[in-house]
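In TrEMBL this protein carries:
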DOMAIN    25-82  domain 'Rad4 beta-hairpin'
DOMAIN    84-155  domain 'Rad4 beta-hairpin'
DOMAIN    162-236  domain 'Rad4 beta-hairpin'
REGION    279-307  region 'Disordered'
COMPBIAS  298-307  compositional bias 'Acidic residues'
């Protein structure tokens, strides 16, 4: 639905949102358990999604029972609900978990149905993540609230040396992950330009492209020191001019090749007609046929059609009722 949303909000949109918020605030608390599901003001713990948690110390707004004999459940404010994410997800969003923070929730590991159907009880206890390395899976995935994270700061660029990970590139999922003292040049020729200049650089890893069950790293541009940015951009511009010149040379070579073919065809034609009378050449049509000779052949065909044939022809005689056998009856 994002494509149908307005690019900018007007004053009228703001007024409508305020009126809707005020109307929702005036609504009374629901009395049925099912009415709390996706309610804009109140929430029940049973209706929280997989990645939703309550903030520590959330105040209870009331209680509700599922029927006359059901146990009472606590009602909380929707504003006390937070979306928690794993450390890996926060890292891809440019944030990291603060030291010493305890996870607010442990998500149980999803069981693969393919393993159940095959009857394979031996499961993997850990997996290697492209960002965090080896992560244990037996205990589930710990998740953290936004209040437990802080902005990620990459190691700075010191003495023109760009920091790199164990794969030789640098993670730049969001612009805030660019290290201090460096600049992200988004161009396909950035790494080549830095290599030509002898400047230290690191390919920028901006995400992963998943196809099937395999992820491929997406490298976009490169991280270079700030003092080398102008020189790298100048070399990139030179690459663009060189590529344009090469394209022009390819077009010129193609045109010359076509002209060469045309001239060779003219020379072949000239060699063929070298020993032919010029007047006879003018009388001949482009197809190589003589019009007068063709007319004579056509006349001969018509004469042959009018000539008597040696084949016996069959014909029908009219029946004569007055006579028979060719004799007249008196």
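Start at 1 and count along the chain as shown; that gives each residue its number.
Just so you know, glycine gets a Cβ as well, placed from its N, Cα and C.
Taking the domain 'Rad4 beta-hairpin' (25-82) as a whole, pLDDT averages 83 in the prediction. DSSP states for the domain 'Rad4 beta-hairpin' (25-82), grouped as helix (H, G, I), strand (E, B) and coil, give 12 helix, 20 strand, 26 coil.
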